[in-house]
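Colleague: Attaching a single structure in structure tokens format; questions to follow.
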Ligand code: MSP
């Protein structure tokens with residue numbers, strides 16, 4: 001990293017390996033990949049982290065149900081995540097697994113530091129534990145005696161635990177969030193966190209005596225560290241905490257932590273407090289996106305409507321899935337997705353829109369210019385409104401802006417009628433086609449963080465490729 005080169009550290013949650021990837025977990029990871037690619041395009045030194053969360057009672061139970069040893073079970077499912085991301089064109093700098101020895105060593109070091117900080121103590125806790133959430137749940141949150149999200153009855157636990165003095169961080173957190181040193185977006189999520197903090201923070205148990213599938217506390221081997229505390233620390237262990245200080249210093253704190261709105265309390269309350277206790281900086285920004293429903297219904301295993309991203313990639317290609325998810329629902333809001341909706345966008349925006357513009361332009365270049373566009377003008381562009389929107393995580397708006405240009409260019413061709421104009425003014429047709437080629441290249445540049453494969457095809461065809469061999473970008477389905 002040169003002196004003035006900016007660094008950009010972006011993370012996704014690490015996903016539970018009790019189940020394979022779905023369209024919701026793909027969403028966060030695609031968004032992070034887009035930001036990583038965009039910041040790289042701007043010359044920043046980027047570190048993009050994703051991975052899998054493999055310890056705890058929930059995973060141990062899933063392994064047992066599958067009749068497998070925990071390690072064997074997590075190896076299999078973690079590989080499915082890694083493969084699914086690969087299929088979606090997602091290229092993280094690191095895919096962390098919490099069963100990695102490096103992570104385990106970093107967590108041990110972190111726990112020792114936490115103990116030295118004087119912010120933890122031993123005590124007894126009695127409460128209702130929801131294994132689905134891997135968290136204690138209040139009686140008042142139950143609906144008909146069950147967790148409303150997981151539809152399961154929580155366990156009543158009475159345990160000896162080690163506690164973290166979260167209650168001491170109330171005013172610190174309020175201050176950091178209000179003055180935006182710790183920026184929580186969108187605004188509604190920030191307000192949600194602030195009102196939660198205002199109700200008063202209680203100390204939290206950070207260890208579990210009866211969960212064997214986890215990392216033992218270095219000073220009390222009868223307890224394993226609470227899986228959320230362990231998991232949150234992945235953001236530090238992945239960049240070398242306790243092992244590669246130089247790299248850790250280079251990238252910490254995280255610039256953007258992406259996640260779904262369901263897990264903001266862990267990331268916006270517990271996480272910054274733990275970091276502060278051990279004297280580390282807190283992340284700069286958390287952005288929480290909304291939740292998908294599928295054709296109007298909550299996505300759930302019992303309804304059988306969970307969408308496997310691999311199925312959509314097989315039918316429509318990675319770029320189309322990336323485009324669809326980011327275009328269909330404004331980032332930060334809840335929204336509905338379905339294969340029908342994907343098909344509409346594929347045939348409309350992609351095949352008839354961008355695909356048509358590309359085919360018409362390359363066909364005409366072949367027909368009227370014999371495929372020759374050697375020295376056409378390539379305009380260097382500042383950060384356009386579209387790229388700026390992507391930069392600010394307003395993906396849908398950025399894509400709308402790009403597609404306005406696509407529509408404009410298609411209309412320009414309709415109006416100019418090059419096939420007639422060629423008979424009277426071939427010079428004008430040449431000018432038009434060179435401009436269209438330049439516009440397509442500009443579109444490819446802006447689009448490449450979202451649709452890297454498509455952008456490459458456009459670029460390699462127009463820049464020195466053989467236009468006569470240009471293939472359609474999208475075939476209507
Ligand atoms: N393991 C924890 C995170 C630990 S991070 C230190 C976890 N894992 S998870 O597998 O349950 O993944 C949760 C994430 O998946 C959510 O934050 C969200 O990003 C995404 N989604 C899960 N279901 C979703 C939808 N239906 N819609 C959109 N995103 C959803 O929590």
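Even glycines carry a Cβ here, placed using N, Cα and C.
Those TrEMBL annotations? Automatic predictions, nothing curated.
Feature list, courtesy of TrEMBL:
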- 7-125: domain 'tRNA synthetases class I catalytic' (DOMAIN)
- 130, 147, 150: Zn(2+) binding site (BINDING)
- 141-361: domain 'Methionyl/Leucyl tRNA synthetase' (DOMAIN)
- 298-302: motif ''KMSKS' region' (MOTIF)
Colleague: May I ask for the residues of the chain that lie six or more residues beyond the motif ''KMSKS' region' (298-302) and have a Cβ under 8 Å from a Cβ within it?
Modeller: 19, 22-24, 151, 292
Colleague: Beyond 130, 147, 150, what residues of that chain have CB atoms within 8 A of the centre of the Zn(2+) site's CB atoms?
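Modeller: Same chain, not in 130, 147, 150, Cβ within 8 Å: 131, 132, 133, 137, 146, 148, 149, 151, 152, 154.
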Colleague: If you count Cβ atoms within 10 Å of the Cβ of residue 130 (Zn(2+) binding site), leaving out that atom itself, what do you get?
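Modeller: Cβ-Cβ neighbours of residue 130 (Zn(2+) binding site) within 10 Å number 21.
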Colleague: Could you count the residues of the domain 'tRNA synthetases class I catalytic' (7-125) that DSSP puts in helix, in strand and in coil?
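Modeller: Output for the domain 'tRNA synthetases class I catalytic' (7-125) reads 62 helix, 29 strand, 28 coil.
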Colleague: Ten-angstrom check, please: count other Cβ atoms within 10 Å of the Cβ of residue 150 (Zn(2+) binding site), all chains counted.
Modeller: 15
Colleague: Can you tell me the mean pLDDT for the motif ''KMSKS' region' (298-302)?
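Modeller: Averaged over the motif ''KMSKS' region' (298-302), per-residue pLDDT gives 81.
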Colleague: Sort residue 130 (Zn(2+) binding site) into helix, strand or coil using the DSSP assignment.
Modeller: strand
Colleague: For residue 147 (Zn(2+) binding site), list the number of other Cβ atoms lying within 10 Å of its Cβ atom.
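Modeller: Step by step: centre on the Cβ of residue 147 (Zn(2+) binding site), count other Cβ atoms within 10 Å, giving 19.
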